[in-house]
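One structure is given below, encoded as C-alpha cells.
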Amino acid sequence: MDNVGSFVIGSVIGCVFMGYCLYYLTQKKDSELDRERRRPIDKINIGGKFEFINSKGETVKSDDFWGQWVLLCFGVTHCPDICPDEVERMIAVVDELKKERHIKIQPIFISVDPDRDTPKVVEKYCKKFSDKIIGLTGTHEQVAKACKAYRVNYSNGPKDTDNDYIVGHTIKMYLVHPCGLFVDYQTSESILFPMGKLERINKERPFFGLKSLIFENVRNYMYTSVGG
C-alpha cells in the first residue's frame, strides 16, 4: 500500500508539474504572439514634425501651428488637373467648417517637387485658390522626411523631349490635431464629419478628446491589421 500510495502521490505531483510546464509554455507562446501582433503599433505613427521654407525664405516648422487644426495636402504645381481639384476641395472643406461648424482650420499645401517648385512658385500657385493656404516646399531632404512621416508616396516620371515630367503622388488630405497629433488621412468629402465630432469632444472634455482620439486610431488599426 505504501508503494501504491507513493506511486499515486508521485503521479499526481508529476501531472501537476507537467500541467504547470504546459501552462507556462502556452502562456509564453501566447505572450510572444501577442507581442508580435502589437509590434506593428509602433509603425502606425503617421505624422510628425516637419520643417520647410516659405516664400520669404523663412523656416516654417510644424510647431508653429501648435494650437490650430491643420489640413495638409501634398502635391505639385505642375499637376494639370488632380492637384488643382484637390486644393479646391480643401478650401471648400475649410470654408464649410468655418461657416457651418465654426471650426477654424489652417490649410497647408506642401510641394513634393522641389526641383521646379520654388517657395515663390508655390506661393503664387496657392494664391490662385485662396489667401488662406500656406504654401511650403524645401530641400529634397526636407520633402523626403515629411513624406516619410506622413506615408506620402511620390516619384518623378520620365522626362519628355522638353525636359518636362509628371510627379506621381499620394492624393489625400491629412488632418492634424491642435496638439500636433496626426488624426486621419481622408478624402475631402469624408473629413467633415470627423472634424465636427472631434471639435465637439475637445470643447466638452479636452483631455478626454485627445485620449479618445488616440484610442480610436489604435483600435481601428488593431481591427484592420489583426482582425482583417
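Backbone N, Cα and C define each Cβ position, glycine as well.
Annotated in TrEMBL:
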TRANSMEM  6-25  transmembrane segment
DISULFID  CYS79-CYS83  disulfide bond
BINDING   CYS79, CYS83, HIS169  Cu cation binding site
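Feature annotations (TrEMBL) mapped to structure.
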| residue | record | Cβ contacts under 8 Å, 6 or more apart |
| --- | --- | --- |
| CYS79 | disulfide bond | ILE166, VAL167 |
| CYS83 | disulfide bond | GLY75, VAL76, THR77 |
| HIS169 | Cu cation binding site | PHE74, GLY75, VAL76, VAL112, VAL152, ASN153, TYR154, SER155 |
CYS83 (disulfide bond), DSSP three-state class -> helix
According to DSSP, does HIS169 (Cu cation binding site) fall in a helix, a strand, or coil? strand
Whose Cβ lies within 8 Å of the mean position of the Cβ atoms of CYS79, CYS83, HIS169, the Cu cation site, other than those residues? PHE74, GLY75, VAL76, HIS78, ILE82, GLU86, VAL112, VAL167, ILE171
